[in-house]
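Copied from TrEMBL, the annotated features are:
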ACT_SITE  Glu439  active site
BINDING   His438, His443, Glu483  Zn(2+) binding site
Amino acid sequence: MVDSQYYLPNEIGVSALDCSVAFHLLSPQEKMYAHYLSRAAWYGGLAVLLQTSPESADIFVLLQRIFRKQTPAQLEQVATAAGLSSEEYQAFLVYAAGLYANMGNYKSFGDTKFIPNLPKDKLKAVVKASQAFQDQPTEMEALWDSCSCLLYSLEDRKKQLGLGDKGISTYFSGNCCLEDAELAQKFLDSKVSNILISIVVSPISFFCTPLTPLEGECESCCGSFNFEDKEFIVKRGDYAPLMEKVSYYLQQAQAYAANENQRKMLDEYTRSFTFGSVEAHKEGSRYWIKDKGPIVESYIGFIESYRDPFGSRGEFEGFVAVVNKAMSERFTKLVSSAEVLLPELPWPREFEKDTFLKPDFTSLDVLTFAGSGIPAGINIPNYDDIRQSEGFKNVSLGNVLAVAYATKKEKLTFLEEEDKDLFIKWKGPSFEVQVGLHELLGHGSGKLFVQVSQTYCDQPRDWRTGEFTWDSKFSTIASSYEECRAECVGLYLCLNKQVLSIFGHEGQDAEDVVYINWLSMVRAGLLGLEFYTPESKSWRQAHMQARFVILRVLLEAGEGLVGLEEVTGQDSKPDARITLDRSKIHTVGKNAIHKFLCKLQVLKATADVEGGRALYDGYSTVSDSGAHNFLRLRETVLLRKEARKMFVQANTRVNGDSVELVEYEGSVAGLIHSFTERFQDEVEQLEADLLELSKRDASCWLGPLVK
């Protein structure tokens, strides 16, 4: 029997992201702009296959070829004749949909591998019986052989993403360890930190994203370098065929840009993806920040570093969305109140930005989100120097929030019965408040210091050593640490009546929103145990680690604020109950978050890595000792976990002078159909490029490398 955490259940939730109303309100020019930006995002998003695992690209191409020839309904007859039961065929469809939704065979939220929930011989039977195999038996046989073993492998190291013996990573070759990653980062900081590094291979080589060299543009980045008695070889051209498509569609979008900021933004993005220049992407981000209140909002690039085991390299993502004006009004009011709310935060005034650079904060209906997963909110760009001195933007993804967190009462785990109805009623509104505060005043607050001679300067460097900090210095804990800080800001400021009023909550309703927001956080802390791996003593998801840390902080506060007990469920299986004393949130709870949040900010601002790690690793520890046996509770969480929903996104299609929105049903078949129709431009060449890119790097992951 395979542990259930390594496959997706047949009854997994699938929802269509509805953006039809918002899209149809766009002008013809705006629709064209959104269409070409979406094409750029989708083609760039294919790089995530290569960033996830050695086998993901091959599996993707295998599935695309099968479902391009036959729809899921047509293939079902073939599968039945090949001996698959209806449950086994559904498991195959769920696996295919999961591969598409996560852009790889590791869960985007938790980084755990998932395999098909049917025997390998049954999957092989349906592959061989497919029309695609009948038409091209030699090619399909080779494709199956290239990925079938890895597709099912659950060797310990292949169960999750990680560095060295802790997991699989295509950011580093198989023989890289933490010391190699640290040395590579030191080299990058000293020599070539302005290029998009995608892979580190030991002996140390770098493969970068630029297509071709340009005089004066990353010219000195490539070549052989000697650093700390080691030779570093930097090469260029990774993901070149995909970045070429991205650049082409960005250039097409320029013709439909609404203003000069958008045109310059797209020009800089194109330059970044063509030549691998981070400086060009940063320049594009500056124009993006200046593009205030666009009807069609977008961002694209190698953005989030959650899945790099070292916490520095960005995974590709691109989104295109339409502003929801009614929802955005609340966030605009929150932005206007920011300068009043920031002084309420618990750290000394010297640790806050001298001037709050008011960002755009909009609620968006997502048209396209290409990458490994879709978040509920975003605070970008992730360049600390730009955020600190020039500004940033916040977005809340309204149509994602509308479907992602809808929960049925019978599926609500670990809560008292009397809390469940209230939780269902206020979970959505409370999460909207939390997302707003988390993104705007969580990620958007706080100062970073650097020491220049004997004076202090507000830049993201260590005030004692002058070295670059945050992602590079806090490395493996940076992402989760920052998410924890932002979550704490949300908890702390949601107690403010002015904030609640901005979101339309007064009186008892406001108190219920606060209660459910805090209850949701402590429950999420318990649920977070799903994303902890005892064997390697490591966390696989930054946000869930952060929420577990907050649970630990609130439990430590004592005085009956939070209760956590192990019980036996009605099914006679292990269960747990979380309770929260709402009368103590404003006193005991607020005081605990006040103290913890202050520590987080001061340690971050002063780049006290030693202190920050000691604090954060201490609260992140999962053990079977102490007041709560968290290792045993983890088993209970796994027993009662619910699979994360998958989303079906629409496509756009140019028809003459207009753009059509092509929508699909909210099912695994609909999700599969959306992907087979998504990549139709020179499809054979595209798939050949993906397979060649995957093959080129294969020796890095699977071959015996000698250090």
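Cβ coordinates come from backbone N, Cα and C, glycine included.
Because TrEMBL annotations are produced automatically, they should be read as predictions rather than curated entries.
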Apart from the site residues His438, His443, Glu483, the 8 Å Cβ neighbourhood of the Zn(2+) centroid comprises Asn379, Glu439, Gly442, Glu482, Arg485, Ala486, Glu487, Val489, Gly490
Enter the number of other CB atoms within 10 angstroms of the CB of His438 (Zn(2+) binding site).
-> 28
Which entry in the list of recorded positions, Glu439, Glu483, has its Cβ near the fewest other Cβ atoms, using 10 Å as the limit?
-> Glu483
Taking the Cβ of His443 (Zn(2+) binding site) as the centre, how many other Cβ atoms fall within a 10 Å radius?
-> 21
